[in-house]
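Before any comments, here is the structure.
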Amino acid sequence: MNIKRILKVALYTTNASDVGQMYIVLGIVALIIGSVNAALIRDQLSFNNLNAVDYYDAVTLHGIFMIFFVVMPLSTGFANYLVPRMIGAHDLYWPKINALSFWMLVPAVILAAISPLLGAVDLGWYMYAPLSVETTVNYGLGTNLIQIALILSGLSSTLTGVNFVMTITKMKKVPYLKMPLFVWGFFTTAILMIIAMPSLTAGLVFAYLERLWGTPFFDSALGGSPVLWQQLFWFFGHPEVYILILPAMGLVSELLPKMARREIFGYTAIALSSIAIAFLSALGVWMHHMFTAIDNTLVQIVSSATTMAIAIPSGVKVLNWTATLYGGEIRYKTPTILLISFIVMFLLGGITGVFFPLVPIDYALNGTYFVVGHFHYMVYAILYALLGALFYYFPFWSGKWYNDDLGKTGAILLVAGTFLTATGMSIAGILGMPRRYAVIPSPIYDPFQFMASVGAVLTGIGLFILAGVLVHGVFRGRAVNGVDPWDNISVKLQDFFIKPVKLPLSFGKSLDGAFDEEYHGIKFPYYSVLGLFLSFIPLGFMFILIGLIPIGIVLLLAFMGVGLYWGYDQWFKPMQPPPHFYADGGVPVTNSVNNSISPSLGIASMRDARSAVLWFILAEVILFGSFIGGYAFIMSPVTNPLSYVNNIVPAVEVFPLPAIMTAILLSSSIPAHIAYEYFKKGNVKMFRNLGLLTMAMGLTFLGGQIYEFTHYIHFIPQDSAASSFFFATVSLHGFHVIMGLVIWAFMMLRIRKGFIPYAGSVAATYYWHFVDAVWVVVFSTFYLHLIV
């Protein structure tokens, strides 16, 4: 395949297999960037060649790249490549949104990579406030670019999570308890993405606004709290640990039996343990990261207990993996070494992690390199699993073999190097070496930091050999005979539900490898361009807020132009009204090419759309919960005892305008609901008329809010953290009202063109009810002050 063909496929494709391969390539590029920053860290701690600013920049980028832009894209890449093949789906549920999700991540990686060129990013991957919001140490725009990059990454991950949940629940051709274990692993990961990412997005929005606009969400002097950032971040951060490791566990569960040539031992227990891990990780485990920040014994006990409990399902997996190996005929190949090393390193990570639920020990170790060592044991284990999968599926992807002897050499060097690095860090931490220091504070730690640096060199050599083995395999590898490279059929093990017709299953190929993939009739690469241009929204507002208004407006208009052209060209231009559309109150009697879906399929699509909208609403509930919960946090003397008194409670008039507008908005759910009921009975005409009434009431509400903000509100967001939350939360709700109106307008225009919006009717109605329900909470909190 030549370069021109590769670029064309990359820009136009919506095929999950192709998108998955692009995720993997992006993850490998990010791995190189993250590794360069790791080398800078080791150089500073070994030879003191950097200044403090450059060192902390490297620490920040290394952590952010490895977590957000290496492990997550690689896991998502394997999910795109494998899940449809494993469950018999022809693609993901939303192929176009899948492509959009990938292309949103590309500018995120670019912005994060160039961020130190535009200002200091001395944050750490956890970006704690107030360091992340002040502009003296972290001067320039670098930190803003990091925040924008991670907002884009979070939105991409949320869309991906909903897409995979819908794909697995609606398109699988195998029963749940027959699904491959990797599918189970990523299914639970997708649910955690939906739950965890919105709180990080909320925190990043607060930090973005505080840096650029002076809204004091985290400023104690004005009623804010730096601990609020920790709550929001770690509510995301600990589920994120399992977002990282559950796909790796799934790959190990999937591939270990192939290498042991026997069925997995304890399939049901492993599948259910994934659910248990996901459930426990979202309960209260995140607060064990904050034992030194929370002075509440009950909270510490609950968090400690749930943290200990999560070891049980993890132990179930390890026992079953070990039993699988015990009864198998193990093939000592490159993937085998990496998969077994995963188990060993995961155990070491678990053993070092056992100390942290014990509050007194956590107090002693929390600020030391022992935490860094523990985390590296876990992340290195994840890396082994991902590389093991890469080597296992390489013959399927390329149709060629690699040099397995060299592969095993590289794998052994990688494992030895990573073990030395993580162990050196852990010993230094046990001896008390503090983390986040640019200079080693005592010579007692030198041998162990040197040990970590030697390990890093071995790790680099191992990765270099493994990369060379794969590159050599692509160009000079021996061809695979048949379509079962690992001879799994002979032991009745199955790699895919969609069996390959021929190899390779490479870029631009169909799921079975039989033919080159088409582009779904796309004449312009809308989803790649839209994904790239989405970054223009936060970038545009950034330029506006720093005073470069023309640049900001140009960026915003560029995105709007592409979006409007896409909507017209893809959704309205090709549509021709059918000759007979309505009869007897709006029942459709004939269909055009654009409306060829049968009523039975239309009803089925409505059921699917309801599930999809409810998953989106779950993410939205977490987002609004982060905003409203953040307000409750800074206003409470229990959670913000030192600075809650510095808040100025927004004095907002309830009568007459806000009360009237609230009544209008809440009443708009009535015509919306009746419209939906008419639609289900086939009366599209009444659906249209009542939908227009709903829109009119929504527009009236927005108009009333604009008038309220310009005539009734006499305070500004910068007055206090409370006023910042008022403006941020009410504006967020207003944005969602606009989104709801856009969906309704879209439905009305499609109906006018003669299209029956089966799925769209569900999306418009359910989402509008959600927007109205959220306003009840917002109005009660900020206008009636019933919650705080």
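Just so it is clear, glycine is given a Cβ too, placed from its N, Cα and C backbone atoms.
As recorded in Swiss-Prot:
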- 19-39: transmembrane segment (TRANSMEM)
- 58-78: transmembrane segment (TRANSMEM)
- HIS62, HIS376: Fe(II)-heme a binding site (BINDING)
- 152-169: transmembrane segment (TRANSMEM)
- 187-206: transmembrane segment (TRANSMEM)
- 232-252: transmembrane segment (TRANSMEM)
- HIS238, TYR242, HIS288, HIS289: Cu cation binding site (BINDING)
- 337-356: transmembrane segment (TRANSMEM)
- HIS374: heme a3 binding site (BINDING)
- 411-432: transmembrane segment (TRANSMEM)
- 449-468: transmembrane segment (TRANSMEM)
- 547-564: transmembrane segment (TRANSMEM)
- 614-634: transmembrane segment (TRANSMEM)
- 690-707: transmembrane segment (TRANSMEM)
- 729-749: transmembrane segment (TRANSMEM)
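The transmembrane segment (614-634) makes no contact with the transmembrane segment (337-356): fewer than 3 of their CB pairs lie within 8 A, with pairs spaced 6 or more apart in sequence. Here the C-alpha separation of TYR242 (Cu cation binding site) and HIS376 (Fe(II)-heme a binding site) works out to 14 Å. If one looks beyond the transmembrane segment (729-749) by at least 6 residues along the same chain, the residues whose Cβ comes under 8 Å of a Cβ in the stretch are 567, 571-572, 620, 623-624, 627-628, 631, 665, 688, 691-692, 694-695, 698-699, 701-702, 705, 757, 760-761, 763-764, 767-768, 771, 774-775, 778, 781-782. Most Cβ pairs under 8 Å to the transmembrane segment (449-468), among the stretches 19-39, 187-206, 547-564, 690-707, belong to 19-39. Least crowded of the binding-site residues (HIS62, HIS238, HIS288, HIS289, HIS374), judged by neighbouring Cβ atoms within 10 Å of its own Cβ: HIS62.
Summary of the Cu cation site environment: with the site residues HIS238, TYR242, HIS288, HIS289 set aside, the chain residues having Cβ atoms within 8 Å of the Cβ mean position are TRP234, GLY237, PRO239, VAL241, SER281, VAL285, TRP286, MET287, THR307.
Neighbour density around each Cβ, counted as other Cβ atoms within 10 Å, peaks among the binding-site residues TYR242, HIS376 at HIS376.
When Cβ-Cβ distances below 8 Å are used as the criterion, the transmembrane segment (411-432) is approached by residues 334, 337-338, 341, 345, 348, 352, 365, 368-374, 376-377, 380, 383-384, 387, 444-445, 448-463, 465-466 of the same chain, each at least six residues removed from its ends. Between the C-alpha atoms of HIS288 (Cu cation binding site) and HIS374 (heme a3 binding site), the distance comes to 14 Å.
Proximity of distant same-chain residues to the transmembrane segment (187-206), defined by a Cβ-Cβ separation under 8 Å and at least 6 residues beyond the stretch ends, is recorded for 75, 79, 147, 150-151, 154-155, 157-158, 160-165, 168, 179, 215, 217-218, 228-229, 232-233, 235-237, 239-240, 242-243, 246-247, 274-275, 277-278, 281-282, 615, 618-620, 622-623, 625-627, 630, 728.
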